[in-house]
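J.: For 1-148, the entry in TrEMBL reads domain 'UBC core'. Sequence annotations record features per position, and here TrEMBL assigns region 'Disordered' to 163-233. Annotated compositional bias 'Pro residues' per TrEMBL: 179-194, in sequence order. Feature annotation from TrEMBL assigns compositional bias 'Polar residues' to 197-221. Among the features that TrEMBL reports, transmembrane segment is placed at 247-265.
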Amino acid sequence: MQEARELANDPCTDYHAEPLEDDIFEWHCTIRGPSGTEFEGGLYHFRILLPAEYPFRPPSLMMLTPNGRFELNTKICISFTSYHEEEWQPAWGVRTAILGLQGFFPLKGSAANGVGSVEYPVSERKRLALISREWVCPKCQQTNLECLPDPLQHATTTLNEPMGLRGLSRAPDQLEPPVSRPPPTPLPPAPERSPVPETTISDPDQAAISTLVTESRSSIVGEQDRTPSGTEAIRGSQLPVYHRPPLLLDTAICLLLVLVVALLCRRVL
Ligand SMILES: [Zn+2]
């Protein structure tokens with residue numbers, strides 16, 4: 001289901017939703033309690049029941065984690081659910097329903113009234129928010145915190161990921177030069193590159209042209225190798241130093257081959 005894939009790739013750290021493995025019409029979702037409210041820090045697990053006519057009819061939401069705001073195992077009355085079918089728009093999707101429910105958490109007084117709503121004291125809601133993190137869904141067999149890790153942890157990991165990737169991408173570069181040093185110094189680079197195009201051309205008469213083409217290609221490849229991505233100054237500055245000798249050798253070989261080919265052509269003609 002496309003929507004499930006979209007939600008799975010959703011970078012939003014406020015919720016995590018996915019359909020059950022055995023029933024695509026039932027989704028389980030964990031949402032974060034809205035910040036600045038008594039639900040802050042709380043994690044709440046609920047069911048999303050899609051009707052057979054979905055997306056033309058709205059989903060139903062049923063809270064599972066004790067929260068002090070919504071009744072448990074009761075279809076919640078918000079404008080995105082089956083209680084307000086006339087307001088539902090097929091384009092909204094599960095994500096809208098999730099965000100809608102999250103938006104309904106802080107509502108107070110008459111705005112909060114409706115089927116499936118309860119109004120526990122703030123202290124009780126805070127207490128429930130605290131213990132909600134370790135609440136385990138009997139179906140998913142995971143705590144809410146496992147379903148939806150804290151954004152701080154997530155933020156640090158996302159911050160660390162690029163750093164880690166940079167570190168990793170730099171580390172191999174620093175490791176690579178010693179490894180790639182042996183090949184550039186001898187001749188192998190040119191023969192290694194030439195076989196690939198040569199296999200495509202079998203005609204002996206065209207061999208001369210092919211060698212020229214391959215040589216020109218190899219020189220282009222060499223130039224590309226010289227500036228692989230240009231993203232990192234370190235890499236860019238290091239590589240030319242290592243690749244200059246093979247480039248000079250390549251061009252020398254190229255010129256020699258051109259001369260040989262020219263001589264052969266003259267003799268043949
Ligand atoms: Zn669950």
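Each residue, glycine too, has its Cβ placed from N, Cα and C.
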J.: In the domain 'UBC core' (1-148), how many residues does DSSP assign to helix, to strand and to coil?
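T.: The counts are 44 helix, 31 strand, 73 coil.
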J.: If I take every residue in the domain 'UBC core' (1-148) and average their pLDDT values, what number comes out?
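T.: Residues in the domain 'UBC core' (1-148) carry a mean pLDDT of 91 in this prediction.
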